[in-house]
Each structure stands twice: as C-alpha cells, then as structure tokens.
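The structure appears below as structure tokens.
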Amino acid sequence: VDFNVPLKDGQVKDPTRIQGSIPSIKKILEQNPKGLVLMSHLGRPDGNRVEKHSMKPVVPKLEQLLGTKVKFLNDCVGKDVEEAVKSSRNGEIILLENLRFHAEEEGKSIDAAGNKVKADPKAVKEFRKSLTSLGDLYVNDAFGTAHRAHSSMVGVDHKIRAAGYLLKKELDYFSKALESPNRPFLVVLGGAKVKDKIQLIESMIDKVDEMIIGGGMAFTFLKRIHNMEIGNSLFDEEGYKIVDQLLEKAKAKGVKIHLPVDFLCGDSLEANANTQIHDLISGIPKGWIGLDAGPKTIALNADAVARANTIVWNGPQGRFEVDKFRQGSADLLKRVSARTAAGATSIIGGGDTVNLVQQEKATDKVSHVSTGGGE
C-alpha cells in the first residue's frame, strides 16, 4: 500500500492515500485470510531508522477507517517479524514499520556524512526473501510507488500477484486520458525543480496539444529563454541545461508551451511578505522571489483551460500555502472545475496539488484525484 501520508504532531494530517486502499483491504478480509500484512514507506528516511518517519501514527487512522484493530510491528523484516506474522490468526491485520528504514528497500542509503551508500546485493536478496516469507500471495495497491524498482515493488517473489482496486482505478483513468484523450489535451505542470519533471515533460510532449509550465520551475525556463533576471526565485542549474532540448522537442511536435508572463513576487516566503508584480521586461529584482502567477498569466492560463477537453494537472502554480500567493493555483482549479462540469476530463496528481483540491473542497468537481506523486 502507499500510506506515505503527511503527519502533523504525530497524527495523520491527510488520510486520502489510506482511504484509497480501504476497498482492497476490505475485499481481502472478506476472503477470510489467516492474516493480512500491509507494507508501506513514509517520507525519506534514506535507509536509516528515523522516528519521525515511523508508520506507527497511521495505525489509529487505519483502525478508524476499517472499524477493526490493527497490529503494528516495529520492523518490516527479520525473525521477530516473521514469527509474529506466522502466528497471526482470524484475519489479523498487521502493519509493518517503514520499509525505507532499511537501505535494502531502495538499494541505497545516506550515511551520517551525507554520502550515498549502495546497499550490499546479498543484503538486498535477504531483505526480499524475508518480505516474501510474510505471505502467500501479493497484492500491489501502491500506485504512488508502482513506478519504482524498490524491493517491495519488484522483489516480493510470489507466483500469485494481483493489482488492488486503487491501482486498477488509477491505471484505468490514466490509460484512457493518455492513450485516447478527447482533444485538445492540456497538461499543467508546476512545482519546484525542472530536473524532477524532465521525464514527465518529455513524455507529455509526445501526447499533449498544450502545456502550462508554472510554479517555481518556470523561472529556470524564463532565465534560459529570455535571460530574465529572476531575483531570489527558484533556479534549477541541472534543469537549465536541458531547457533548449525540451523546447525544441515541443516545437517539432507542434505543442504550444505556456510560461508565465508576469509574477506576484514577495520579499520573503512568509504571510507578512511585501508584494510586487513584475513581468518579463522588468524581471525580478534581487531580494525578491516569484511566488505566484500574476494577473495576465492567470488570464492566459484560464484561456488555455477553456479550450481543453482533457486536463492533467501536476504541481501548483505558486506558494499556495500562503493566502496571498494562492490565487494563481486557486483560480486555475476553479477554471478546471468549470471545464469539468462542461464535460472535460480532469485528472489531478501530486501531493501539493491534491492538498489544494482538498482545501478548496473541489474533490468532487474534478474527474479524478490521483494518489500518485510525492516522495
């Protein structure tokens, strides 16, 4: 399962991902298994035991949603875990501790000095063997991690493997949207770093008609294209090197790229920041940060949404957590909701964007809110 949920003060802040897997869990329990073992990661402990990333706070929320007790084990592999699982009875539900507390899950760890350390292949093999020993068949309901070559995804060696209901629902939505979209097809990308979204941008250029690039990652594009001063805005040096390549591909494919033309800037990231509007010509002065789309950009984005019949959105347009930098993302969501009501298909993904949708109480106003995205 993908129970990689945000925590606050030791409690689950947003249970969406847990709720997503409840139908699969209930279906399995209806079959009267001897036991059901749930495994997940939470955050990025980088192969080390980091208490703030423990799965333990998930237990009360999971018990509440299922209406039954859940047993928590403080590790995910090893003799004690194997014994506890072996002795389970009467459909007992067991939640394992964070898989990523072990370097063998991701194949690497980060040591105290901040260096990447490759996991020992023999240890990885043992880790996978221990996970495999915990069950007789394997169900993958973790859409958010299904693309990763991690031990829990690819190393659990059971002849019977199945997709859970959540994974199926996600794949059905995405395959329809990506393989036979109603056109025009618009993708909206935001967030901080270009390099994190290179593969996504490249693959979407092959499929879409228009692409909005906003949020922090837009400034790397604008600096490369217009040599624009971006002040203290986010800049991705690695991403900068491949902007030309991405734009050339878009041009060759006839994909229209929309970048911001003006920006709401702040002199800090905080709620009490002073604000100014800047544009492509003025650039952003030193000491100022582009934190949201400006009014002209908001209007241009609205026009692009109004033309679209399929919309996939991953990544906010600004620092929406602060009210004064929320309008670009909130207005875009309003436009996407209206377009959905008029018959368009809309898919929202990525942790931050999903948070925005929930805060704006718009979950029912878009076609599908994906559990994918995030760490």
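Heads up, the Cβ atoms here are built off N, Cα and C, so glycines get one too.
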> If Swiss-Prot gives ALA192, ASP196 as binding Mg(2+), which of ASP46, ASP352, ASP364 does it give for that site as well?
Replying inline: ASP352
>> Among ARG17, ARG128, ARG183, which residue shares the (2R)-3-phosphoglycerate site with VAL1, ASP2, PHE3, ASN4, SER40, HIS41, GLY43, ARG44, LEU99, ARG100, HIS147, ARG148 according to Swiss-Prot?
In response: ARG17
> Among GLY191, GLY239, GLY294, which is the one Swiss-Prot gives for the ADP site where GLY215, PHE320 also bind?
Replying inline: GLY191
>> Around the C-beta of GLY216 (ATP binding site), how many further C-beta atoms are within 10 angstroms, looking at every protein chain?
In response: 23
> If one measures from the C-alpha of GLY191 (CDP binding site) to the C-alpha of HIS41 ((2R)-3-phosphoglycerate binding site), what distance in angstrom results, rounded to a whole number?
Replying inline: 22
>> Give me the sequence-ordered set of same-chain residues, not including ALA192, ASP196, ASP352, with a C-beta within 8 angstroms of the centroid of the Mg(2+) site's C-beta atoms.
In response: GLY190, GLY191, LYS193, LYS197, GLY215, GLY216, MET217, GLY315, GLY350
> Among all the protein chains here, how many other CB atoms are within 10 A of the CB of ALA192 (ATP binding site)?
Replying inline: 18
> GLY290 (ATP binding site) has how many other Cβ neighbours within 10 Å of its own Cβ?
Replying inline: 27
